[in-house]
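One structure is given below, encoded as structure tokens.
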Ligand SMILES: Nc1nc2c(ncn2[C@@H]2O[C@H](COP(=O)(O)OP(=O)(O)OP(=O)(O)O)[C@@H](O)[C@H]2O)c(=O)[nH]1
Ligand SMILES: C[S@@+](CC[C@H](N)C(=O)[O-])C[C@H]1O[C@@H](n2cnc3c(N)ncnc32)[C@H](O)[C@@H]1O
Ligand code: SF4
Ligand code: SF4
């Protein structure tokens with residue numbers, strides 16, 4: 001596929017296209033693969049309010065990123081719906097010339113309450129995470145006993161409000177892989193795209209093991225045996241998910257195979273933590289502070305040049321490196337709940 005022209009590229013010729021911003025590091029779930037309770041317990045110190053970027057700061061930074069080629073903004077967290085007045089931020093981002101797509105990733109538990117106001121504010125799409133249709137397993141996995149019905153109600157409310165909906169399922173072999181086919185059937189029926197994510201070694205606290213990853217090619221074979229599927233071409237350059245369609249239908253699923261089929265060579269994503277640290281990779285050890293420049297009187301052109309320099313030095317390709325050296329690749333990594341996934 002043709003790579004479009006963009007104002008800046010990194011060391012591996014990858015343009016800057018997406019900004020994924022975390023609006024809070026807090027979450028009401030304790031998914032074991034992301035925020036295990038023994039680390040993120042009652043004494044865990046989340047960011048104090050004054051350290052979070054304000055909506056004005058987030059909007060200003062988004063405007064600068066858009067001037068460098070960003071077209072798509074994804075709001076995430078922690079749980080983004082725990083940030084108060086989130087629709088106000090979406091209204092502000094919507095006003096920025098050049099933002100073509102505003103999406104949010106959420107665990108869905110607060111979505112039924114907020115779907116309508118998010119849509120009215122200008123949100124285009126929502127991706128809801130759901131790992132099982134079985135209450136016991138889901139309650140175990142989310143670490144807080146939340147029920148499946150609560151998330152399904154959120155999904156229904158989002159669809160009724162007119163938001164485009166996708167569903168993300170992290171698949172962990174031996175934990176919820178028995179849910180793959182039931183989830184596929186359910187969401188095929190509902191008409192929402194379900195994407196299966198290979199369990200990843202994000203952060204340093206989830207105790208990840210390679211033998212808990214169900215490789216996407218096995219997952220495809222499992223679904224194909226029950227409901228024949230065929231591959232579909234990517235929608236656009238750098239698409240994270242590989243697409244498959246149920247034979248004879250338009251309905252599809254996606255596979256996000258960051259462990260077994262790394263997609264770093266087309267990675268166009270910059271990530272911003274809730275406190276304003278900029279990361280060039282999901283698996284980075286450290287970020288670069290943008291909050292101080294924002295609060296210390298730097299002009300927009302100065303911040304723009306700073307980000308341009310940062311991106312032009314970028315050469316991250318962690319998942320590809322892991323592919324060739326899984327046991328040897330030990331490093332300090334930012335936690336998923338901090339950077340937003
Ligand atoms: N390793 C790795 N995983 C990623 C990256 N981007 C997304 N993921 C994983 O894929 C999951 C789904 O990402 P989404 O935010 O739904 O993907 P997206 O490409 O923004 O979604 P669409 O725009 O709807 O295609 C994330 O939660 C991560 O687990 C990436 O750059 N690297
Ligand atoms: C960090 S969460 C933030 C947004 C929101 N709280 C949610 O869960 O949708 C973003 C995404 O990362 C995924 N995720 C978290 N830990 C993961 C892991 N270890 N491997 C793969 N995906 C993971 C979640 O399933 C979710 O879809
Ligand atoms: S994956 Fe999302 S819902 Fe689960 S603990 Fe992490 S931030 Fe919270
Ligand atoms: S591992 Fe890093 S460079 Fe590779 S796709 Fe993910 S975020 Fe991008």
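Just so you know, the numbers here start at 1 and follow the chain as drawn.
Backbone N, Cα and C atoms are what each Cβ position is placed from, and that goes for glycine too.
Automatic prediction, not curation, is the source of TrEMBL annotations.
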For the S-adenosyl-L-methionine site that TrEMBL lists with 78, 129, 200, give the additional residue from the candidates 33, 44, 237, 244. 33
302-321, 322-341 - the range that TrEMBL marks as region 'Disordered': 322-341
Among 20, 222, TrEMBL assigns to the GTP site of 74, 105, 166, 269, 270, 271 just 20
What span in Å does the S-adenosyl-L-methionine site cover, taken as the longest CA to CA distance among 33, 78, 129, 200? 17
Cα separation, residue 200 (S-adenosyl-L-methionine binding site) to residue 269 (GTP binding site) (Å, whole number): 17
One should report the C-alpha separation between residue 166 (GTP binding site) and residue 31 ([4Fe-4S] cluster 1 binding site), rounded to whole angstrom, as 19
Max pairwise CA distance, angstrom, over record-listed GTP binders 20, 74, 105, 166, 269, 270, 271: 21
